[in-house]
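Q: My structure is below; once you've seen it, I'll send some questions.
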Amino acid sequence: MANILRKIIENDKGEIKKLEKTAKKVESYADAMAALSDEELQAKTEEFKQRYQNGESLDQLLPEAFAVVREGAKRVLGLFPYRVQIMGGIVLHHGDVAEMRTGEGKTLTATMPVYLNAISGEGVHVITVNEYLSERDATEMGELYSWLGLSVGINLSSKSPAEKREAYNCDITYSTSSEVGFDYLRDNMVVRKENMVQRPLNFALVDEVDSVLIDEARTPLIVSGPVSSETNQLYHRADAFVKTLTEDDYAIDIPTKTIGLNDSGIDKAEEFFNLENLYDIDNVALTHYIDNALRANYIMLRDIDYVVSPEQEILIVDQFTGRTMEGRRFSDGLHQAIEAKEGVPVQEETKTSASITYQNMFRMYKKLSGMTGTGKTEEDEFREIYNMRVIPIPTNRPIQRIDHDDLLYSTLDAKFRAVVQDVKRRYDKGQPVLIGTVAVETSDLISKMLVDAGIPHEVLNAKNHEKEAHIIMNAGQRGAVTIATNMAGRGTDIKLGEGVLELGGLCVIGTERHESRRIDNQLRGRSGRQGDPGESQFYLSLEDELMRRFGSDRIKHVLERLNADDEDIVIKSRMLTRQVESAQKRVEGNNYDTRKQVLQYDDVMREQREIIYAERYDVITAERDLEPEIKAMIKRTINRTVDGHSRNDQEEALKGILNFARQALVPEDAISLEDLKEVGEVTKRSVNYDAIKVYLTELADNVYDRQIKKLRSEEAIREFQKVLILMVVDNKWTDHIDALDQLRNAVGMRGYAQNNPIVEYQSESFKMFQDMIGAIEYDVTRTMMKAQIHEQSREHVNERVSTTATGNIQAHQADANGQEIDFSKVGRNDFCPCGSGKKFKNCHGRKQF
C-alpha cells in the first residue's frame, strides 16, 4: 500500500513539473502582451482563429492564448492569474480534473482554457451547479470574454427555445448540468431541425465537477408526461397495508438501505389484497406499489430525505448540499408513495418520455474537464468512467489550517452538548464558527440549543436557501456563528473580517462524519483559504449513522472500558480518525459499485437511445421523399406477420393473415380467404407463404400510392411522412423506456437465483428493442394504409406533433379511424385483433392476463 501511495505522489510531482514548464512559457509572453495596445490585444482573438483554421492546433496556440487572457484579465477585471492558476488552466484544457483548494481562484483559472477552446468556433459549455452561479460567473467573466471579442450566452430554464438557441450559438455558454441534459433530451423530441437548440457537444468545463459527475451520477434526467390518475388509489391501499406491518414482517439491510417483506409479511399481503400468490406474474404491478410503500414508510426519513412544505408538497432534500431540489420528484412512483405516507395530495404519476444519466450525458462531449477542491479521493472513478485524471494543483500560499483529530462521544446528546460548549467558548472570544450538519433536523436541534445558550447565529439549510450566498459571505466576520446543512453555499467564498486572523481564523465544526471523505474535506476547506489561519474539528458519537453502519466494535469496547456510566467521556486519537476513514472508504466503495452498475444498465439504453435518436434526426433533416423507407417498413411488417402465422395450423394461419391484411393493409372487402388460398396455392400439405408475401406487398403498394395522391404537393407529402414516422417512434419509444424500467426492477430479483442481472437485462432488453422496432413498423404500416388523409395546415400539424413530442399524451391502442379497439370480448388464446399474428395473451392482453 505504501508503495502505491509513493508511486501516486511521484506521478503527481512529475505532472506538476511538466505543468510548471508550460506555465513558464505562458509567463514568458507577459511583457510582449503588456506592450500591446487594447486594440492590438483584442485583435489577437481573430488572429488565433485564423491560425487555427490554417492548421495550428489549440495546444500550439496555448502559451500565447493564455498570455492574452492573463493580460486581458488584468486590464478588464483587475486580476492577474498566478502561475498555479495557469497550471490549473492547462490541466483543464487537456481534459482532466484540476483539484484546486477553496479560495485559489477557480473561476479566473477557467477563463484561460475556455477562451482557448472557444477559438475553434465549436462552442464551449461552462457548467455550474446552480443558475445563481451561472449568472454570476457569466456576468463577471463575460466582461473579459466580450472585451476579447467572444460572445457569451446564459442558458436558464426560464428561457424560450429561441433564447436558448441564441445562448447555445454563442462562443461560450454558461448553464447548469441539468438544463444542458434536458435540452439534449428535448432536442431529440422535436419534429423539425429548426426547433433544436443545441449544437453538437464540443467542450464542457464543469465547475464543482465532483458534485455533478459523482454525487449526481445516479440521478437520471427525465422528461415525462402524465398517465391515468386511477392508479393513485393503489398508492393509498399499499400505504394502508404497510402501516399494518410489524418489524417482524419486513427486513431492512442498513448498509444498502434496501427493504423487503419476510414470509409473515407476504402472508399478510396475500390476506390483505385477497391473493393466492403475491409474487404471481399477474401481481407484478401490485408488488411495485408495495415495495414503494415499504421504502416510503421505513427507509425514507422526513426532514432528512425530504421535507413537507407549507403548501403540502413533498420536496426532495439533496443529500450532498442540504438544499431542497425544487421541481424534482423521486421517480418510479416513490414520490407518490411518500405523498400517500404523509397524507398530502398524491400527484399524478408520470410516464417517462426520455431519460439520460449525467454519466452518459457528459461522456458525449468531445472533451470534458472539471474543477473541484476535492477530487483526489474519487480519482479511480473519474479515470474509469470519464477517462479523466485528477491533478492536484499546488496552493499559491502554504495551508495554515489546523485539522484536529476527531472527538468521539457515546451518545448524540453528549456530542451536541460538547459542540455547543465549544461554540460558546469561541463565540465569547469573537472567533467565527461554521457548524456543518448532514441533515435538516440536526440543524434545527443545534439551533435550538444555541438559542437556549444565548448564542446568536444564522441557519442555512434546505428550508432556507434563498439567502445562502449572503449568509455564507458573512460567516467569516468577527463573532459570526453559522449553521450550514452539509455544503450549502458551495461556490461562495468565506472571507475573514477585520481582526479575525489574530483570533485563529474561521473554525469549522463538523457535527457528524459524512459517508464520503470528499464531503468532509469540502467542509474543512471552507476554512484556511489563500493561506489564512483556521481550524477544523469533527464531533462524532456511536449513535451517528456512519458509526452504526460501519463503526468498529473495537471503538465501542474502548469506550465501555473507559467509563460505561459517563456519557460525556470522550475519545481523541489518531486510531479513531483512521477507523472512521476506513468506514468511509467502505461506504465509498459501495457507492462507486452502485454508480458503476447504474452506468452498466444505462449503457444498454444508451446504445438503443442513440439508434432511435439517429433515426429521428435522419427523418427530421431529410429533404427527400421518405417513400422508400416507409415501403421498406411495410414490406418488413408483412414478412414478419406472415412468418409469424406460418408456424400455426394452416387454417388458423390463413385466417390470421387475412385479419392482419384487413386491419392493417386494405379495406375489408378488398381481400378474402379465397384470395389468399388461390395466391398461396394451398393444398392439404402446403402453402406458398412467399407468394402471399409478394401479393400482400403489391396490394399495399397500390394502397400507399392511392393514399399519397390525396396530398397535393411534394411538401405536404414529406410533411405527412415525417409526422407519421415521428409520432409512432415517439409513442413506442416512450412505452419502451417504461418497459425497460420494469425489466430492470424484475432482473434485479434474479441475482438471488445466481443469475447475473446485467447479462439478463442486456439479453432481454435487446429482444424488447427488436420487438419495439417491429411495433413501430406495424403502426407506421397500419396508419399509412388506414388513415383518413387530407391536407392540414402546417401550423395544425406542428401543434399536434409538438404535443406528442413533449410527452403530454394519453397512450391507447386505436384503429386506423381513430376508434379504440374493443379488447373486452377477446379470449386469451384468440389471435390479437391488432393483427400482430400473436395470441392475445402474448400481445395486447399481456397486462390483462
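We number each residue from 1, going along the chain as drawn.
Placement of Cβ uses the backbone N, Cα and C atoms for every residue, glycine included.
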Q: Which one, ASP452, ASP493, ASP520, is listed by Swiss-Prot in the same ATP site as GLN85, GLY103, GLU104, GLY105, LYS106, THR107?
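A: When Swiss-Prot describes the ATP site, the candidate it includes is ASP493.
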Q: In the same chain, which residues outside the set GLN85, GLY103, GLU104, GLY105, LYS106, THR107, ASP493 have their CB within 8 A of the centroid of the CB atoms that define the ATP site?
A: MET100, THR102, LEU108, THR109
Q: Could you work out which of the binding-site residues (GLY103, GLY105) has its C-beta surrounded by the smallest number of other C-beta atoms within 10 A?
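A: Across GLY103, GLY105, these binding-site residues, the one with fewest Cβ atoms within 10 Å is GLY105.
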Q: Tell me which of the binding-site residues GLN85, THR107 sits in the most Cβ-dense spot, judged by other Cβ atoms within 10 Å.
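A: The largest 10 Å Cβ neighbour count belongs to GLN85.
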Q: Given a 10 Å Cβ-Cβ cut-off, pick out the one of the binding-site residues GLU104, ASP493 that has the most other Cβ atoms nearby.
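A: Selected residue: GLU104.
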Q: I'd like the Cβ neighbour count for LYS106 (ATP binding site), meaning other Cβ atoms within 10 Å of its Cβ, all protein chains included.
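A: 23, counting other Cβ atoms within 10 Å of LYS106 (ATP binding site).
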